[in-house]
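Here the structure is laid out as structure tokens; the discussion comes afterwards.
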Ligand SMILES: Nc1ncnc2c1ncn2[C@@H]1O[C@H](COP(=O)(O)OP(=O)(O)O)[C@@H](O)[C@H]1O
Ligand SMILES: [Mg+2]
């Protein structure tokens with residue numbers, strides 16, 4: 001079976017359901033909207049000396065991703081789990097019985113789309129915020145800034161893929177969303193918040209992967225990390241790989 | 001074509017399919033008959049490689065289904081009419097399936113037309129009635145113009161018009177020389193459409209024979225007797241070497257292979273009063289119910305129903321066993 005045929009089929013699937021457009025539109029609107037709101041109301045006089053020294057205008061553009069990523073989680077989950085909730089999975093697998101083709105095709109198409117939306121979101125957010133920050137703003141040509149902004153787009157794509165893997169393991173929208181949203185929104189932040197759990201917390205996918213978005217090392221009083229931006233990203237890649245393999249194992253083993 | 005060998009599926013402690021072996025013959029309609037819960041759907045899911053067998057194999061053209069390249073061009077199936085993404089239009093649901101098997105786009109329009117859904121092609125399929133969903137499912141089965149078609153209880157829940165439509169469609173597809181495998185829990189439905197019968201009960205093969213043979217074996221007539229001197233009558237019949245079956249539910253005796261005249265005369269000779277002496281013809285539905293009586297999970301407790309009667313030795317012809325044996329010998 002031609003893999004390109006599967007890609008084409010999955011592209012048709014993804015572009016013909018409403019959930020794709022509203023989740024991805026939310027990723028963009030929430031991220032860009034909150035970044036704009038935050039920088040438009042930003043008052044540099046409220047910063048103390050230390051904060052001023054580590055002020056990271058790039059991170060200011062990208063911090064709203066914390067919220068925007070929730071919609072990306074939903075996107076990643078729904079791409080996979082609606083196959084199960086609608087019963088389409090049986091029709092899909094009867095047409096493409098090779099599980100690796102089916103899953104890889106779906107993940108490739110959805111991840112590519114998430115990457116496109118992710119990059120669009122991070123660049124739009126960056127340029128809009130920097131314009132609003134005025135004198136405090138920074139150019140894309142400054143050291144490490146391009147890496148951080150591109151990295152934010154990569155982060156969103158990887159996050160979507162991670163969620164697809166988890167959804168393939170759990171096979172239910174409700175189960176996957178109710179595990180992933182609290183995990184990314186609360187658990188990840190909570191664990192790095194406490195000294196005792198920080199080392200563990202720093203290795204969670206969003207904390208490790210998010211390091212790529214920082215330009216100034218200790219911006220916003222963030223703690224020291226045992227890895228650099230790409231090292232952190234690599235950790236998130238490993239998490240994602242594990243989720244994808246887990247999802248594939250479940251798809252292979254369990255009855256459709 | 002399609003061959004099942006020792007196919008077995010267990011869900012926890014339930015054995016849904018139990019060492020099932022049979023072959024689907026090309027170019028005919030094979031009816032897959034069994035009471036609810038017999039394991040028909042599970043068997044069909046395993047045929048499409050959706051459920052993993054606990055043991056045994058299914059071969060389609062000698063291959064595992066998973067190894068068929070572009071399977072929709074060989075096998076089309078309608079298992080569950082609702083197995084589509086409801087938020088997607090009928091057209092797009094079919095388009096993504098067509099693309100995965102490199103089926104040209106115009107074929108989507110063709111099959112939509114064939115099942116009469118052209119007018120609602122752009123509508124989301126979640127608004128479809130069961131009849132329309134069934135048509136959409138059939139359109140998806142026909143997409144690849146496959147040689148083999150499988151339908152799981154296609155008439156369930158349909159209105160009479162829908163039922164008629166499906167029956168005619170299947171006849172038309174069979175007339176084109178396609179192989180059709182269709183399940184049902186109703187003998188009467190099968191009698192109308194199938195050329196060949198595979199009967200299962202509790203996951204086990206009970207019969208595998210041409211429809212004509214089934215009808216011939218089961219449209220046999222028998223004579224029903226009722227008498228206030230039933231015990232004496234029974235003894236007499238035994239002495240005469242006549243096989244008798246008592247049906248406690250109705251208080252009657254049933255006799256095979258002896259005419260009503262002979263029985264009447266025999267009773268008269270011994271001065272036995274008869275309250276009933278009537279030639280009967282067994283319906284196919286009754287024959288099927290008797291056949292699966294031991295294997296239905298929940299008996300219907302309607303008095304006098306054949307399913308409530310103990311299976312009678314005379315009524316269990318060597319269907320499954322003997323027939324399979326002859327076939328094997330002939331191969
Ligand atoms: N996914 C499942 N999990 C557990 N038991 C199942 C599952 N699917 C079917 N069964 C059981 O297997 C048996 C056969 O079911 P099924 O194949 O649906 O029968 P039929 O289609 O002939 O009505 C039933 O006892 C049913 O309860
Ligand atoms: Mg069934």
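Just so it is clear, glycine is given a Cβ too, placed from its N, Cα and C backbone atoms.
Look at TrEMBL and you will find A:21-42 (among others) tagged as transmembrane segment. Proximity of distant same-chain residues to the transmembrane segment (A:21-42), defined by a Cβ-Cβ separation under 8 Å and at least 6 residues beyond the stretch ends, is recorded for 60-65, 67-72, 74-75, 78, 113-114, 117-118, 120-122, 124-125, 128-129, 132-133, 136, 156.
The feature transmembrane segment is assigned by TrEMBL to A:62-82 (among others).
The annotation transmembrane segment is assigned in TrEMBL to A:103-128 (among others).
Within the chain, the transmembrane segment (A:148-167) has long-range Cβ neighbours (under 8 A, six or more residues past its boundaries) at 27, 58-59, 61-62, 65, 68-69, 72-73, 75-81, 106-107, 110-112, 114-115, 117-123, 125-126, 140, 173, 176, 179-180, 184, 205-206, 209-210, 212-215, 229, 233, 236-237, 239-240, 242-247. Residues or ranges marked as transmembrane segment in TrEMBL: A:148-167 (among others).
What TrEMBL records for A:174-194 (among others) is transmembrane segment.
Taken from TrEMBL, the feature transmembrane segment covers A:230-251 (among others).
Sequence-distant contacts of the transmembrane segment (A:103-128) (same chain, six or more residues past either end, CB-CB distance under 8 Å): 3, 6-7, 9-11, 13-14, 20, 24, 27-28, 31-32, 35-36, 58, 61-62, 64-65, 68, 72, 75-76, 79-80, 96, 140, 145, 149-150, 152-157, 159-161, 164-165, 168, 244, 247-248, 251.
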